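The next block holds one structure in the form of C-alpha cells; read it before the comments.
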Amino acid sequence: MDDIDSSDGAAAARAGEIGSIGVSTPWKPIQLVFKRYLPQNGSASKVHVAVKKPVVVRLTRDLVETYKICDPQFKYRGELNPKRYLTTPSVGVNNDGFDNVNYDLILAVNDDFCSSDSRQRYIVKDLLGHGTFGQVAKCWVPETNSFVAVKVIKNQLAYYQQALVEVSILTTLNKKYDPEDKNHIVRIYDYFLHQSHLCICFELLDMNLYELIKINQFRGLSLSIVKLFSKQILLGLALLKDAGIIHCDLKPENILLCASVKPTEIKIIDFGSACMEDKTVYSYIQSRYYRSPEVLLGYQYTTAIDMWSFGCIVAELFLGLPLFPGGSEFDILRRMIEILGKQPPDYVLKEAKNTNKFFKCVGSVHNLGNGGTYGGLKSAYMALTGEEFEAREKKKPEIGKEYFNHKNLEEIVKSYPYKINLPEDDVVKETQIRLALIDFLKGLMEFDPAKRWSPFQAAKHPFITGEPFTCPYNPPPETPRVHVTQNIKVDHHPGEGHWFAAGLSPHVSGRTRIPMHNSPHFQMMPYSHANSYGSIGSYGSYNDGTIQDNSYGSYGGTGNMFAYYSPVNHPGLYMQNQGGVSMLGTSPDARRRVMQYPHGNGPNGLGTSPSAGNFAPLPLGTSPSQFTPNTNNQFLAGSPGHHGPTSPVRNSCHGSPLGKMAAFSQINRRMSAGYSGGSQSQDSSLSQAQGHGMDNFYQNEGYSGQFSGSPSRRQLDSGVKNRKQTQGGTTLSTGYSTHNNANSSLRSNMYNPSSTAHHLENPDTALSVPDPGDWDPNYSDDLLLEEDSADESSLANAFSRGMQLGSTDASSYSRRFNSNASTSSSNPTTQRRYAPNQAFSQVETGSPPSNDPHARFGQHIPGSQYIPHVSQNSPSRLGQQPPQRYNHGRPNAGRTMDRNHMNAQLPPSNTNSGGQQRSPRSSSYTNGVPWGRRTNNHVPNVPSTSHGRVDYGSIA
C-alpha cells in the first residue's frame, strides 16, 4: 500500500514537472518515435501542392491539354490552325491563288520555302519590309539554326529580270572581289524559285542608318561615329568602283548595321538598281534627296553619282536631317546651287537633255561675257527662278521644308549645336574636325563629275585618316579609266524608257524564265541579231555589239519605233568623247540637234530637218533641250562625190547611211549579183563574218550583220548568200551585209526588186545599195578621184534607182531600197533628206508596195504617221523615294497608241517549272507575230535557225 502510495506520489510529481515544462518550453518529440513514411518500394514521395492554373493560361498556352481533358481522343494538327498572314492584301487572285492582286506571294507565319539546289528549308517567321519590288521575310533555317533575310520578288517579268541583275552583281562582288567579306557588301547566300517567285537569300542584318537617326530623334550622330561609318562606306564604294559597278540607289535606308560584330559595322545592301559602269541603262535613278546633278539634268553618269550620294549621307549623319530635302527636282537643284555656291559646269549643261528645264541660256559658250557668274566662274547658263520655271512648265514647283537657318554649307555645319556640357578643349577639337568635314563634303559634292573625288581619293582625306586638318585637301591625281564601249542611256520617257531598255515590260508576267534577251545591257545570249547604226532609235552600233532586234523603240522587234532622243552624247558616228576615246557609232539615244546644212542641203535635201515631218511629236514632259540647235554639227558642202560628206568620220548625221553614198561607184564596180565577198576581202576575217549568221537572219535595218569582235558573235561562213522569195509573181532577190573588224572591208550585197526587165536580165548592172553598217573605213577620197565622168553619171542614175523606200508583203524586206529609176534627181544634194526615216518605214501599217512612187525615199512622210509617246511607269523598291524603278512605281494595265489604236501585245503565257500559269491577268497574246512585224504581213518559207529565236510579241 505504501508502495502504491509512494509510486502514485512519484507519478504525480513527475506529471507536475512535465506540466511545468510544457508551459515553459514547446514539445519536442523524440526522433526515434516519428519517422518519415516510406512506401513499400523504399523511395520517398514528394509532396504535391495543387495549384489551379488561370483560365487564360488553360485557354491559350495549354489549350491543347484542355481539349484533351475534355476529349482524350483529341489530336492536334498544326496545319489546321488559322494562318496569320503577313502579306496585305491576303486574298489570292493570281497565280492559282498564291498571289494577291499586286502579284505578291501571300506569306503566312510558318510557311516554308525550299531551295531545289541547296535543299535548304526556310521557314517564315516575320515580315521585315515590303515594297513594289516584293517583300522581305525573316526566315529560320532549321539545318543551321540561324535566321536569314529572304527577298521574295513579285511575280512579274520586269521585277524578275531586274532581280537577276542583282543576283549576278552580288554574286560577282562576293565571290570575285570580296571573298573574305572585308568590304562591307551584303552577302548573298542562295536564290531559288518558289511558286513562280524568285527568292533571294541574304544575311540578316539589323536596322538601317535612317532608323538609327530616327531613334536618335533626328539629331546628328557624333563625329567619331560619322567618321567610322564613312570609312566603311568608302571601302564598299572603292570595291564597287574597282568592279566598275554603280549602285544607283545609295541612301541611309540601304546601309544597314551589323550589330553582331564589335565594333559595329555597316553593310551596303539593295543592288536592285545597280548596273555596270559601261552599260548604264536608266536615266531616272537614285532617291530624290541623294540624286546627283548629272542624273537630275539627264547627263551621262558614272560611279561618281554614288560619291555624290555618299556626300549627302555623311552630311545627314552629322546633321540628322537631309541636306537637300527638296520637294521636286527643281527644288533640289535650287538648293544645291544655293548651299554649295556653284552650279554644274557648262559642258554638262550643254550636253544634258534637261538643261532647258532648269536653266536659261544667257550667253554663248564661246563668248561668256554676257553670262552669269557662279563660284567666281563665268557661265553661259543661269538657273531659272520659281516664276520662270512655272511659266515654262505651266505648274508651280513643289518646294520642300527648310530645316536650316543658313543657306551655305559652311555655316550649316559650323552653326550646328555642340553637345551639351562639352569641355572647352573638346569644343576646340571638334571645331577643327568640322572644318575637315566641310572640306570633305565639298570634295564629295562637286558639281563637275570629272573633278568629284573617287573613293580612293576621299579615303585619304584628313577627316577619314584623323590627321590634323591645316589646309584644303588636294587629292592625289588618278588615271581615269576609260571604258571601251559607250554608255547606253535610256530615258523614262512615256514611250518606253525604263522597261523596254532591258527588254522588259511590267505587264508581262507570263513568261518562261529564260536569260535576259540579248542586249548591250545584258549580253547573255550565245548569238546576236544585227541592227543598223543608221536607223533612228537603234543603239546597237559598231562598237556596242550587234544585238537581237535591238531597235530602241521595240527592243525585241523590228517594226515598232519611236523617234525619241536623249542626251547621252553627241549622236555622231565617229567622234571623240570627253575621255578622248573614239566611239564608232554612238547611241541614238542622244539629244536631237538641228543641224546646220550648207547651201542646197536644206529641208529639201537628204539631211534631217525639223520641218520634214519625220519625227513624232514631243511627248508630255519631254524637255525642249533635245531640239536646241547645235553649233558644231555642220555638213561640209564640198566632197569628191558631190553627195555630201563621203565618210561617216567626217560628219555627224544621226547615223544616216547616205553619208557614204558618194563611194557607190567604187563599191558598185566591185559588186555583182554573184559576188561572194571572199576574194575581195581586205582581211581574212571577212570570210568568217559572212554567211552562217546572216543566213538565218532576215532583219530590216539594212540587213546589217555583226562585228567579229562582238561578245556574242557567231563564227560565220564565207560568202554572201542570197535567197529569193517569190511573192505575187515578183522575184525578190535579197542579200546580207556583214560586219568585220575595222581592218576589214565592210560591204553589202543587198539587191533590190525591180519592175524593169533590165535588172532581171542583167543583175550585174543593178545597183547594190550598201548597208548602213557596211562602210569601208579603208576607202579614201583618192579612190573617188579615180572615177571618170562616165562612172559619175552612171552613179547618179544608179544611185537614184536605189533611193526608193518600198515595202512588200514580207515584212522582213520592208526596209529595202527600190531600184525604180523614176525618182532620180539632177541635184545630188536632194538625196539626203529622209535618211533617218529608214527607221520609221515599219511603223506604218499597210505600207505601199515597193514599186509605189509614193513610197520613195524623197517623198514627204507626214508626222502623224508616227506613234506618239505614251506614259511608262516603273516599279519601286522598299524605301525608294522617287516614283521609279523599284520604288517606283506601278505597272500600267496597258498603253494605247494614238495612231491606229496600236496596242502592245504581250507574249504568250507559259507555265513555270511547277506547272502553274505564269500570267494570271487576262491579256491579248499572239503566237505568230514577233515584235516589229506588221500583223497584216506574212513571211513564207522562213529559213530555220540553228539557234532558237525568241519572239517577244508584237507591237502592231
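Heads up, residue numbers simply count up from 1 along the chain you see.
Cβ atoms are placed via backbone N, Cα and C, with glycine included.
So that you can see what the record holds, here are the features copied from Swiss-Prot:
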type	residues	note
DOMAIN	122-464	domain 'Protein kinase'
BINDING	Leu128, Gly129, His130, Gly131, Thr132, Phe133, Gly134, Gln135, Val136, Lys151	ATP binding site
REGION	620-657	region 'Disordered'
COMPBIAS	622-636	compositional bias 'Polar residues'
COMPBIAS	672-691	compositional bias 'Low complexity'
REGION	672-781	region 'Disordered'
COMPBIAS	697-713	compositional bias 'Polar residues'
COMPBIAS	725-757	compositional bias 'Polar residues'
COMPBIAS	806-817	compositional bias 'Polar residues'
REGION	806-956	region 'Disordered'
COMPBIAS	818-830	compositional bias 'Low complexity'
COMPBIAS	838-849	compositional bias 'Polar residues'
COMPBIAS	870-884	compositional bias 'Polar residues'
COMPBIAS	902-912	compositional bias 'Polar residues'
COMPBIAS	913-924	compositional bias 'Low complexity'
COMPBIAS	937-947	compositional bias 'Polar residues'
Open item on the list: Using a 10 Å radius around its CB, how many other CB atoms surround Leu128 (ATP binding site)?
Closed with: 17
Task: DSSP-derived structure type at Thr132 (ATP binding site), helix or strand or else coil - done: coil
Open item on the list: Neighbour count, 10 Å Cβ-Cβ cut-off, for Thr132 (ATP binding site): what number do you get?
Closed with: 25
TODO: Would you give the longest CA-CA distance, in whole angstrom, between residues of Leu128, Gly129, His130, Gly131, Thr132, Phe133, Gly134, Gln135, Val136, Lys151, the set recorded as binding ATP?
DONE: 14
TODO: Look at each of the binding-site residues, His130, Gly134, Val136, and point out the one with the fewest other Cβ atoms around it within 10 Å.
DONE: His130
Task: Overall pLDDT of the domain 'Protein kinase' (122-464), taken as the mean - done: 93
